[in-house]
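*Asks:* One structure coming up, written as structure tokens, with questions to follow.
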Amino acid sequence: MLLQSLWDFILGYNAWLRSPFFPVLFSLSVYLTFCLPFVVLDLLSPRLAWIRTFKIQQNSHVSWTMMWSCLAHSLYNHVVFLFPLTVLHWFWRPTSFMPEAPGTLRLIWDVVACLLLFDFQYFIWHLLHHKVPWLYRTFHKVHHKHTSTFALTTEYSGAWETLSLGFFAGVNPLLLGCHPLTEMLFYVLNIWLSVEDHSGYDLPWSTHRLVPFGLYGGAPHHDLHHLKFKSNYAPYFTHWDRVLGTLHKHSD
């Protein structure tokens, strides 16, 4: 009943959901909303020592200039690259919405499946872009400008990387036959986990602390990747790095 009520509420904005503007504005607004708490922490950390205790690289400092550079770069990618493709997709595949919400168990299963599939796709993409010098130099090097990550570095990347990862995230719900509500929730979760990965903070309630047995790497896992470059290629989970021997921890 709760999912149906939520879905009925969303369907109340049917005309807006069908707009070619919706996908880009949805992803951008969700992204900036998730970045905002970490931006506040970054601005307060030079003045409040207790905030710095949660920073993974405690000697790093995030300036207004760094933040604005990342924000401007992200806005540029959304306007110049993502929005035109969204309009083309709007013409090619008109959106349709069924009146019934998905079942709770099916929604959870599909979100987890989308997340695991995206994690695998990104791992392969990421590994190749580090192991092939031309790919790294041409496409991925931009994202590694900052060896100490902060939330707004999440989408600091070139057009090819932005479009590639956006394609993975967009096509997976289609491949798995997900309900539109499941698709939206997957996008929200995927954006949150990506922002948290790049936040630069290891907070008591961080996702990697909630998932047992070290199955999820989280911000410390990805921060170490930006610092060392040659380890921790999976964005979220740790199993693929374990299998290929590319998993490293701060204590290593």
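Glycine is treated like the rest: Cβ placed from N, Cα and C.
From a predicted model like this one, the values you see are computed outputs, not experimental measurements.
Reproduced below are the annotations present in TrEMBL:
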DOMAIN    111-246  domain 'Fatty acid hydroxylase'
TRANSMEM  20-44  transmembrane segment
TRANSMEM  65-92  transmembrane segment
TRANSMEM  107-128  transmembrane segment
*Asks:* For the domain 'Fatty acid hydroxylase' (111-246), give the DSSP counts of helix residues, strand residues and coil residues.
*Replies:* 96 helix, 3 strand, 37 coil
*Asks:* Pop the mean pLDDT for the domain 'Fatty acid hydroxylase' (111-246) in here, whole number is fine.
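*Replies:* Averaged over the domain 'Fatty acid hydroxylase' (111-246), per-residue pLDDT gives 95.
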